[in-house]
Amino acid sequence: MTKIYSSIAVKKGLFTLFLLFIYVLGSRIILPFVDLNTKDFLGGSTAYLAFSAALTGGNLRSLSIFSVGLSPWMSAMILWQMFSYSKKLGLSSTAIEIQDRRRMYLTLMIAVIQSLAVSLRLPVQSSYSAILVVLMNTILLIAGTFFLVWLSDLNASMGIGGSIVILLSSMVLNIPQDVLETFQTVHIPTGIIVLLALLTLVFSYLLALMYRARYLVPVNKIGLHNRFKRYSYLEIMLNPAGGMPYMYVMSFLSVPAYLFILLGFIFPNHSGLAALSKEFMIGKPLWVYVYISVLFLFSIIFAFVTMNGEEIADRMKKSGEYIYGIYPGADTSLFINRLVLRFSVIGGLFNVVMAGGPMLFVLFDEKLLRLAMIPGLFMMFGGMIFTIRDEVKALRLNETYKPLI
């Protein structure tokens with residue numbers, strides 16, 4: 001028993017469970033002075049925003065202080081990563097502390113937009129001042145977002161899984177309810193349900209295959225014995241981005257939806273804004289095509305976030321490693337980036353077919369939105385499980401060695 005509790009993996013796991021208890025407890029703290037009987041307070045975007053909030057640690061159903069979730073932080077990470085590719089801005093050349101501070105400023109700006117959009121549309125109880133309630137709830141929602149960011153950082157340093165655990169628990173708590181409500185709303189024949197179950201099994205197999213498949217690049221390591229050289233490889237995933245594109249595209253596309261809600265409240269009689277908001281509404285052709293395009297784009301972007309050729313080439317050069325037939329430095333970086341680009345396109349096409357293809361059914365019936373998002377949900381869920389599994393496996397690896405003395 002003492003040996004079990006002395007395990008690093010067990011200690012980190014228990015700390016993660018403690019943080020999850022805090023998260024679940026906070027998600028039950030309801031925003032004050034709000035009429036909870038009104039469910040469709042965000043108009044036509046309620047279903048999508050509630051679903052996307054559940055994927056990012058939020059919950060627009062219970063209207064708690066964690067309703068917005070980690071969506072502002074995730075959207076800020078996407079924008080920061082895009083800005084970092086610009087050499088003119090020079091964001092990546094600044095100190096780490098400055099970069100973190102600027103990312104938090106960007107997170108705050110997005111959190112203000114989303115929190116204010118939600119607060120302005122909240123059904124406030126008539127006996128209280130609407131302005132004060134909106135102001136107070138906006139501050140509470142922003143504070144809830146930053147509290148979740150803090151919990152994620154704590155879990156990354158002292159627990160297992162980082163922010164993934166919070167997102168995973170939110171999905172487990174909220175998504176099944178959304179799916180069951182869809183089956184109650186939309187009549188689906190039994191034969192179609194059986195077919196969907198079979199397709200789910202096939203999709204799960206393909207998903208595991210894509211996540212575990214690796215392209216091995218032989219690497220020569222200085223000081224490694226000749227008989228071990230055949231085991232020395234640089235591994236590149238067949239789908240380098242994994243399930244991250246789907247997770248972040250849901251967060252990223254929710255920002256314009258919140259922005260349109262906010263602008264619609266500020267300019268209620270603006271015909272151009274109303275027309276644009278209507279065209280970009282969830283389930284409309286413009287939104288579906290943008291969703292599929294951004295999903296493919298994020299598949300490429302996050303592939304390079306996961307496998308950065310410059311960083312890998314620099315690390316190999318410093319440690320005296322090199323790829324057979326490739327000069328160290330710039331040539332190695334170019335070689336790795338070409339491979340990553342090639343596999344990111346393959347992964348992007350896989351993501352578009354599996355997670356983007358079902359969204360085309362939404363063009364015929366918007367009630368199928370939640371069901372159409374299930375394949376992408378599987379991709380996101382599978383990526384999280386594999387990530388946590390690999391982290392636990394790495395923690396337990398050090399415990400397999402016995403001390404010499």
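Glycine residues also receive a Cβ, built from the backbone N, Cα and C atoms like all the rest.
What Swiss-Prot annotates here:
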TRANSMEM  14-34  transmembrane segment
TRANSMEM  63-83  transmembrane segment
TRANSMEM  104-124  transmembrane segment
TRANSMEM  131-151  transmembrane segment
TRANSMEM  156-176  transmembrane segment
TRANSMEM  191-211  transmembrane segment
TRANSMEM  247-267  transmembrane segment
TRANSMEM  285-305  transmembrane segment
TRANSMEM  343-363  transmembrane segment
TRANSMEM  368-388  transmembrane segment
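For the transmembrane segment (156-176), the neighbouring stretch richest in Cβ pairs under 8 Å, chosen from 63-83, 104-124, 191-211, 285-305, 343-363, is 63-83. The stretches the transmembrane segment (191-211) and the transmembrane segment (368-388) are in mutual contact, each linked to the other by at least three Cβ pairs under 8 Å (pairs 6 or more apart in sequence). Long-range contacts of the transmembrane segment (104-124) within the same chain: residues 31, 33-35, 37-38, 41-43, 60, 63, 67-68, 71-73, 75-76, 79-80, 130, 133-135, 137-138, 141-142, 145-146, 149, 254-255, 258-259, 261-262, 265, each at least 6 residues beyond the stretch ends and with a Cβ under 8 Å from a Cβ of the stretch. Listed by sequence, the residues of this chain that lie at least six past the ends of the transmembrane segment (285-305) yet keep a Cβ under 8 A from its Cβ atoms are 78, 81-82, 239-242, 244-246, 248-249, 252-253, 279, 337, 340-341, 343-345, 347-349, 351-352, 355-356, 359-360, 362-363. For the transmembrane segment (63-83), the partner stretch with the most Cβ pairs below 8 Å, chosen from 131-151, 247-267, 343-363, is 131-151. Sequence-distant neighbours of the transmembrane segment (247-267) (same chain, 6+ residues past either end, Cβ-Cβ under 8 Å): 42-43, 45, 48-49, 51-53, 55-56, 70-71, 74-75, 77-78, 110, 113-114, 116-118, 120-121, 167, 273-274, 276-277, 280, 282, 287, 290-291, 294-295, 298, 302, 376, 380, 383.
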